[in-house]
Amino acid sequence: IDTNEGRVLMLEYEKMIVLNTYVPHNGSNAERYEKRALWDFRVQRFLENYRGKKDVVWMGDLNVAHQDHDVGPSPRLFEGVGGFTLPERRRFTDILAATDMVDTYRAFNGDRLTYTWRSTRGQGLDGWQGMRLDYFVVPRKLVARIKSCETSTDRFDDTTAQSMPISCFMDSDHCMIHLSLHKREDDDDEGENEDEDEEENARRAKQQKLDRDADVILISD
């Protein structure tokens, strides 16, 4: 993945990788289209490389509204708009299919309408209300561990959400999103290594207990 623009933050743990990306906007010219297509290709290759090795949580501003109900009030208003063009949406579909990963918000909330980006001009140009551009994407096998997945505006009605409350947007045009995963259940069988000293065994046991007892909570803004 091209990291020259500071668009990637990756945290690697023993059994999980958290990949936070700020995906380039599709723009409105051939050069930007090509740049975005190359980015999507490289992300797919990265995710495919770790498939079956480590669980990857891909999160952040992915700059694509995947489905018709990820924009509002009407998909017609967004035809040809960056983030909602057919090539972008199809590539996102292809990434999910090739890596067997899922959009956690849709997996947990179905077709519920919500938008993570709102126009800074209130109702927005031509009546736009918003787009869902921010995601947590996880391997399909982690879906059973989803405890909650929500946007910070889910507790409000849409009129209130359109007002971009400071507690949700923090002076940004994107609101916070939140994912919580249930604790792991497969670490209990891991034994100590007899070749390691007592101090190292104690440290490892303490860390494994923390890993088991704590939910995984991720927040993106």
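First residue shown is number 1, and so on along the chain.
Just so it is clear, glycine is given a Cβ too, placed from its N, Cα and C backbone atoms.
The active site annotation in TrEMBL covers Y22. Y22 (active site) is surrounded by 14 other CB atoms, counting those within 10 A of its CB over all protein chains shown.
H174 (active site, proton acceptor) is surrounded by 22 other CB atoms, counting those within 10 A of its CB over all protein chains shown. Under the heading active site, proton acceptor, TrEMBL lists H174.
H174 (active site, proton acceptor) falls within a strand segment according to DSSP. The Mg(2+) binding site annotation in TrEMBL covers D61, N63, D173, H174.
Annotation source TrEMBL lists compositional bias 'Acidic residues' at 186-200.
TrEMBL lists 10-145 with the feature domain 'Endonuclease/exonuclease/phosphatase'.
Residue environment of N63 (Mg(2+) binding site) contains 22 other Cβ atoms, counted within 10 Å of its Cβ in all protein chains. Across the domain 'Endonuclease/exonuclease/phosphatase' (10-145), DSSP assigns 57 helix, 31 strand, 48 coil. Counted over every protein chain shown, other Cβ atoms within 10 Å are most numerous around D61 among the binding-site residues D61, D173.
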